[in-house]
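S.K.: Sharing a structure below in structure tokens format, with a few things to ask.
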Amino acid sequence: MEALDYHAEERRKAEFDVEEMKIVWAGSRQAYEISDRVARLVASDPVFRKDNRTMLSRKDLFKDTLRKAAHAWKRIIELRLSGLFFSCGMFIPAIKGQGNEEQQQKWLPMAYKMQIIGCYAQTELGHGSNVQGLETTATFDPETDEFVIHSPTLTSSKWWPGGLGKVSTHALVYARLITDGQDHGVHGFIVQLRSLDDHLPLPGITVGDIGMKFGSGAYNSMDNGVLRFDHVRIPRDQMLMGVSQVTREGKFMQSDVPRQLVYGTMVYVRQKIVADASCALSRAVCIATRYSVVRRQFGSHNGGPETQVIDYKTQQSRLFPLLASAYAFRFVGEWLKWLYTDVTQRLQASDFSTLPEVHACTAGLKSVTTSATADAIEECRKLCGGHGYLSSSGLPELFAVYVPACTYEGDNVVLLLQVARFLMKTVSQLGSGKKPVGTIAYMGRSEHLLQCRCEVERAEDWLKSNVILEAFEARAARMSVTCAKNLNNFPNQEEGFAQLATDLAEAAVAHVQLIIVSKFIEKLQQDIPGKGVKRQLEILFNVYALSLLHKHLGDFVASGCITPKQSALANEQLRLLYSQVRPNAIALVDAFNYTDHYLGSVLGRYDGNVYPKLYEEAWKDPLNETVIPDGYHEYIRPILKQHIRVARL
């Protein structure tokens, strides 16, 4: 009950309307009400129990996951929860983005109704980020009007697609299109893998699971698969023909629809990944914040209580920037939803002007948010001390589930280098009269940014959003311009990119962090209702921005936009901001509105009743089912009784 009182007392300290902050976090009142209803339905349904996940065998874990998925689908239908559906990753978005109208009408209704289950089979054993290096072939046979899908090498085996190993009936397979001996590059093909009657693999198809992955429970509930084709034939109309097609005669043709339409799918997927980053990060931060209030350590005076861990400045300086990051990623994720709508409308109107900028922006945000989130979850585990290492803390499994995001849908370093190429092209065009737009618009003021000096004389000057924004713009612009100048010293551009890759990646990070900062500022400029809500968001913005400035201080000082004295003032202001976050910390994580079931953490319980529950969880472990362990008579007793037989040499 003592821990419960801690949280009750903490909630009374809140200086803002928590219910209104929940709406801000959800994006709208309607989104909040829907998510709240669904979360509580799931939490109250015993079928969705998950506290035993880490103790299940791989087979039992997978079967339990199937049971939950089937039950969820049943409840979605019963409750008419429109808009909710299952699909394995990008199968449906890819058909929507790359299929023609006839293909969409045929395949999408079946996928939405779960009459077929699809996966996205792109990555191969030997190729991931380099899509153009894929080896699987799709050779057109004009005699039968079919494509022959084939895996010519071991490394051409499809490897990693989620849902492929045991569940999917169909796959969207990416393969090299070959007609009349000519290779037309990589295209998508809808291939049936298993019989819809008995689920057995069809002739010519070898398919299975790739095995255990990192962590207990975690991503091991997913059947990531391996897939090989032995001259599997499919009808010609199962090639995705939204942007290109093969005629009955075997002639390859680009359709009237521009190839750039495929970017719509990419933007959709990446905005979803950024949204997932804010979700995973906020879960970890919620656990670490609640436990930091409960845990007391040292600082006892005259027999009084020990100090709450959250009151130590070292804990605050590690935890509160992560709390601020969760909000920052949430808001930039909201903006990405708008960007997806905007770019889709532009593509439909054959306006491709923003595509290079959109590609760079989404690639960079995917990279920066997922890397930061993976690091932050591990930091939250350490912030919980030894108990954070327990499976019952929820953090080990959350980490293991999340870290694949750093490599799927584009390796994070590779994506940063794609952003860097865009930045270098932008810098090279600055004198051409072509005006940078969108997230790169600040480059149009590069002359000013290369010369400007930060106007900070007192610590409180760092609370001005325009001062912070200009500092981040100056840093990003100067790092990009410096890289561009250094590239000019190489006779060969590609050699320069190879040699300066680290600098280029760091310039890309600076650009992306500027985007996140600017979108947080835009959020603050909106009409935000609720007592004290906007004030708390302003504090979180300043914590986010100034903690980044502190972390990347070398970049800011080296670029000349701020002085060492100004950086010291920024740190002074940051310490003051932590003191302002402290009374509101529990309320700020309450605003995520996560049920205890969803968090899956004894340490992150809403009521703070941590220690009795930790003790209770320990006795649930299978090792405690017997007082004397299996193996005692064979191994422990002989040692204790010194009845060990030593072989004679």
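Just so you know, glycine gets a Cβ as well, placed from its N, Cα and C.
Note: TrEMBL annotation is automatic and uncurated.
The active site, proton acceptor annotation in TrEMBL covers Glu409. Annotated FAD binding site per TrEMBL: Thr123, Gly162, in sequence order. Residues or ranges marked as domain 'Acyl-coenzyme A oxidase N-terminal' by TrEMBL: 17-117. What TrEMBL lists as domain 'Acyl-CoA oxidase/dehydrogenase middle' is 119-220. According to TrEMBL, the domain 'Acyl-CoA oxidase C-alpha1' annotation covers 263-424. Residues or ranges marked as domain 'Acyl-CoA oxidase C-terminal' by TrEMBL: 466-641.
Context for these features, please: burial, neighbours, distances.
M.R.: Applying an 8 A CB threshold to same-chain residues 6+ apart, the list for Glu409 (active site, proton acceptor) reads Val269, Arg270, Ile273, Lys366.
Its Cβ placed at the centre, Thr123 (FAD binding site) has 20 other Cβ atoms within 10 Å.
Residue counts for the domain 'Acyl-coenzyme A oxidase N-terminal' (17-117) by DSSP state, with H, G and I taken as helix and E and B as strand, are 72 helix, 0 strand, 29 coil.
On the 0 to 100 pLDDT scale, the domain 'Acyl-CoA oxidase/dehydrogenase middle' (119-220) averages 95 in this prediction.
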S.K.: With DSSP as the reference, give the number of residues of the domain 'Acyl-CoA oxidase/dehydrogenase middle' (119-220) in helix, strand and coil.
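M.R.: Its residues fall into 9 helix, 44 strand, 49 coil.
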S.K.: CB neighbours of Gly162 (FAD binding site) within 10 A?
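M.R.: Taking all protein chains shown, Gly162 (FAD binding site) has 20 Cβ neighbours within 10 Å.
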